[in-house]
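Here's what TrEMBL has on this protein:
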- ARG30, GLU87, ARG127, LYS454: (6S)-5-formyl-5,6,7,8-tetrahydrofolate binding site (BINDING)
- 224-379: domain 'TrmE-type G' (DOMAIN)
- ASN234, THR253, VAL255, THR258: K(+) binding site (BINDING)
- 234-239, 253-259, 278-281: GTP binding site (BINDING)
- SER238, THR259: Mg(2+) binding site (BINDING)
Amino acid sequence: MSARAGMERDRDTIFALASGRPPAGLAVVRISGPRTRLVLETTLGAVPPARRAAYRAIRAPGGETIDRGVVLFFEGPASYTGEDSAELHLHGGRAVVAATLAILGDLPGLRPATAGEFTRRAFDNGRLDLTAVEAVADLVAAETDAQRRQALRQLDGGLAEVAGDWRRRLLHARALIEAELDFADEDDVPDSAAAAVWADMAQLSADLGKVLAGGRVGERIRDGFEIAILGPPNAGKSSLLNALAGRDVAIVTDVPGTTRDLLEVHLDLGGFAVTLVDTAGLRETTETVEAEGIRRAKARAADADLVLWLADAGQPPPADLHGSETDAGSGPLWIIGTKRDLDSDSKRDSPAARLDHRISAQTGAGLDSLVAALTAHVAGLVPAEPALVTRARHRLCLQAAKTAIDAAVANGAAPLEVRAEGLRQAGEALGELIGRIDVEDVLGAIFSEFCVGK
Ligand SMILES: Nc1nc2c(ncn2[C@@H]2O[C@H](COP(=O)(O)OP(=O)(O)OP(=O)(O)O)[C@@H](O)[C@H]2O)c(=O)[nH]1
Ligand SMILES: [K+]
Ligand SMILES: [Mg+2]
């Protein structure tokens, strides 16, 4: 779309059902754009007072009453989108919603909103920065308390405020350097100002490093921690997955090699989103499909925050699976003895294998204590300090900024212009983070996550 066509579209007044699929108790239809007042005059007879709930009849142009409900009018720019906008709170019936949307669609200058378009206008009108836009999407998608809290913190400016401070420090440093360049011919300019600039930039790099050192916890809270279930064929992996999911997700049979593909179940463990992954049983095989399943199982285990190694006869995990716990990319591994209901008394008491837990997916024995341990483990992965980096995009922008600052600080022998350019690049990376510079491609990716009506 050309810039001009984009501006034409922006002048449209948009509408959408912002609430869930009817039938429902209520339906909220959202309207935003320059014709909002006209819409309200046409359908209600008059524009209600701004920001005050008004009980009104909603009428078709012919005069028929479609429904009665509460209407809210928000006068721009003090609205979510920054434009005149309104909400119609209707009875959530299919016919009510369909008739209302049809009336709006027939009004000149109105069209249905595209996914995320209300929030896009809020961003374009400076009501939300880019991290807040992402947070709106995350809040709508949040399924656990930790996800909700993290999204709300980000919406309240968690990362954006810190990044704003960092940008101001960079601008200040660049201004001092500019001044120094302007006075470079004069002998009486003290060096101390420059020294202070680079000391602060070194500190800024350390501040960025501290936030980055939080690792990917924020991303994990958003996307879910991963627990992979591995073990030899028939160890009872799929049975455990089903037991923890509380439903029959995976096929369970007594045929070794039943599971081939990775199967995922999403759990809420103590308010944290967790993805539990069932995998193909590990064994030597020449069978193509099974071999691919085993390859995927190992790859997933390498990325997991925790591997549960299931063993019904105490088989130890292969050495290539987990290495030491300090290996990069490999989290800890617990050994779980399965089919406890079949254990003879002698086996139960034998200390032959190191077992972290003993369970029976069949009787449910040991499952409560396993879930409690998993919940505590996941909670233990989350530091008390809330994460500021909640998406890979944030991490990459901060890393780019830090790299540019580090190079500028370290490169003391380079001309001042070159070092200043590094600081400009760092500022640009932080600008990209909050969406203050041209970021069209980034925007497309972010807004594609939205639903219509948001
Ligand atoms: N007695 C008993 N049998 C179990 C238990 N858990 C699983 N089984 C049985 O063990 C067999 C294999 O179970 P699965 O859950 O399919 O094992 P798996 O590890 O997923 O097997 P593959 O996908 O083939 O690698 C099935 O016959 C299950 O009914 C248990 O706790 N007690
Ligand atoms: K099986
Ligand atoms: Mg299985």
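Indices start at 1 and increase along the chain as displayed.
Cβ atoms are placed via backbone N, Cα and C, with glycine included.
TrEMBL: automatically predicted annotations, no manual curation.
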Rounded to the nearest Å - Cα separation of ALA280 (GTP binding site) and SER238 (Mg(2+) binding site): 9
Filtered binding-site residues, from ARG30, GLU87, ARG127, THR259, ALA280, whose Cβ is under 6 Å from an atom of ligand 2: none
Where the C-beta lies under 6 angstroms from ligand 3, the matching binding-site residues among ARG30, LYS237, SER238, VAL255: LYS237, SER238
Binding-site residues near ligand 1 among ARG30, GLU87, ARG127, LYS454 (Cβ under 6 Å): none
Among ASN234, SER238, THR253, THR259, the one of these binding-site residues whose Cβ has the fewest neighbouring Cβ atoms within 10 Å: THR253
Mean of the pLDDT scores, which run from 0 to 100, over the domain 'TrmE-type G' (224-379): 88
Additional residues surrounding K(+), by Cβ distance to the ASN234, THR253, VAL255, THR258 centre under 8 Å: PRO233, ILE251, VAL252, ASP254, PRO256, GLY257, THR259
Long-range Cβ environment of VAL255 (K(+) binding site), under 8 Å and at least 6 residues apart: ASN234
Most Cβ neighbours inside 10 Å, all chains, among the binding-site residues LYS237, LYS454: LYS237
Packing count at ARG30 ((6S)-5-formyl-5,6,7,8-tetrahydrofolate binding site) (other Cβ atoms within 10 Å of its Cβ): 22
Protein Cβ atoms within 10 Å of GLU87 ((6S)-5-formyl-5,6,7,8-tetrahydrofolate binding site), excluding its own: 20
Cα-Cα distance maximum in Å, computed over every pair in ARG30, GLU87, ARG127, LYS454 that the record assigns to (6S)-5-formyl-5,6,7,8-tetrahydrofolate: 18
Binding-site residues near SER238 (Mg(2+) binding site), in sequence order, restricted to ARG30, GLU87, ARG127, THR253, THR259 and a 10 Å Cα cut-off: THR253, THR259
